[in-house]
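K.L.:
According to TrEMBL, the protein carries these features:
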- Gly10, Ala11, Gly12, Lys13, Gly14, Thr15, Arg128, Thr137, Phe138, Gln196: ATP binding site (BINDING)
- 30-59: region 'NMP' (REGION)
- Thr31, Arg36, Glu57, Leu58, Val59, Gly86, Tyr87, Pro88, Arg89, Gln93, Arg157, Arg168: AMP binding site (BINDING)
Amino acid sequence: MNLLIMGLPGAGKGTQAAKIVEKFGVAHISTGDMFRAAMANKTEMGVLAKSFIDKGELVPDEVTNGIVKERLAQDDIAEKGFLLDGYPRTIEQAHALDETLSNLDLKLDGVINIEVNPESLIERLSGRIINRKTGETFHKVFNPPVGDYNEDDFYQREDDKPETVKRRLDVNIAQGAPIIEHYRKAGIVFDVQGNQDIDDVFADIVRAISSLK
Ligand code: AP5
Ligand code: MG
């Protein structure tokens, strides 16, 4: 099963992706995670990506298309299926993905579109904390780690600062509509209400995915 999860920054793509991967065994392909790993390793691509990400801008299409193309060509994909998270994010990326999938003889089965009220997103992103060891994402208020926890074991993303968040939202709102339209024409979009509890969002997603089988 080949899926794509879409939604504005903070919509809950990563949170739901972790649950989908656990339940359905597909490979999680998050361009944001790939860029952050490259940034942590200070690779050439990481240094380039950082110069865009820190400003809340998109990394250029040719770089992003290249890393996704490379990942989709790996052996595990045809066997497990995939869940793309945070890609495509421009209509040009959507066209590049169509071409890559067609060259690999793969097709998209479904697009999960998490719809959220943009006003709730600033609060979600400013309270997001990530476990340094496991990479798991939590929220100080909405989804705190279980029991007493040590704040030093968690970090906040650099691009979750309020000024950067605002730019990220503007960029993603501007770019998102044509992409969803593109997939609506193909009749594979499932709209999911993202302003509900994490488990309720997941239940809706599971219903949508199950209807594909
Ligand atoms: P990326 O890492 O993809 O970030 P994003 O799209 O801005 O989305 P986020 O990861 O911030 O949000 P999310 O939807 O995953 O939410 P989460 O589940 O964490 O991209 C980062 C940057 O990399 C981009 O700005 C760009 O520069 C670059 N980049 C990446 N892909 C690119 C591409 N294709 N092209 C060009 N550049 C690219 O949840 C957020 C918080 O809310 C958490 O604290 C969570 O616990 C909480 N939460 C989740 N669900 C709920 C809920 N239902 N109720 C209450 N709280 C919730
Ligand atoms: Mg994410």
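Just so you know, glycine gets a Cβ as well, placed from its N, Cα and C.
Could you place the listed features in the three-dimensional structure?
P.N.:
DSSP classifies Gly14 (ATP binding site) as helix under the three-state reduction. A sphere of 10 angstroms centred on the C-beta of Gly14 (ATP binding site) encloses 21 other C-beta atoms.
When pLDDT is averaged over the region 'NMP' (30-59), the result is 97.
Cβ contacts within 10 Å of Arg89 (AMP binding site), excluding its own Cβ and spanning all protein chains shown: 20.
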K.L.:
With DSSP helix as H/G/I and strand as E/B, how many residues of the region 'NMP' (30-59) fall in helix, strand and coil?
P.N.:
20 helix, 1 strand, 9 coil
K.L.:
Going by DSSP, give the three-state secondary structure for Phe138 (ATP binding site).
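P.N.:
SS state of Phe138 (ATP binding site) = strand.
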K.L.:
Do you know which of the binding-site residues Gly10, Gly14, Tyr87, Arg89, Arg157 end up with C-beta under 6 Å from ligand 2?
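P.N.:
With ligand 2 as the reference and 6 Å as the Cβ limit, the list reads Gly14.
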K.L.:
By a simple count of other Cβ atoms within 10 Å, which of Tyr87, Phe138, the binding-site residues in the record, is least packed?
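P.N.:
With the binding-site residues Tyr87, Phe138, fewest surrounding Cβ atoms within 10 Å: Phe138.
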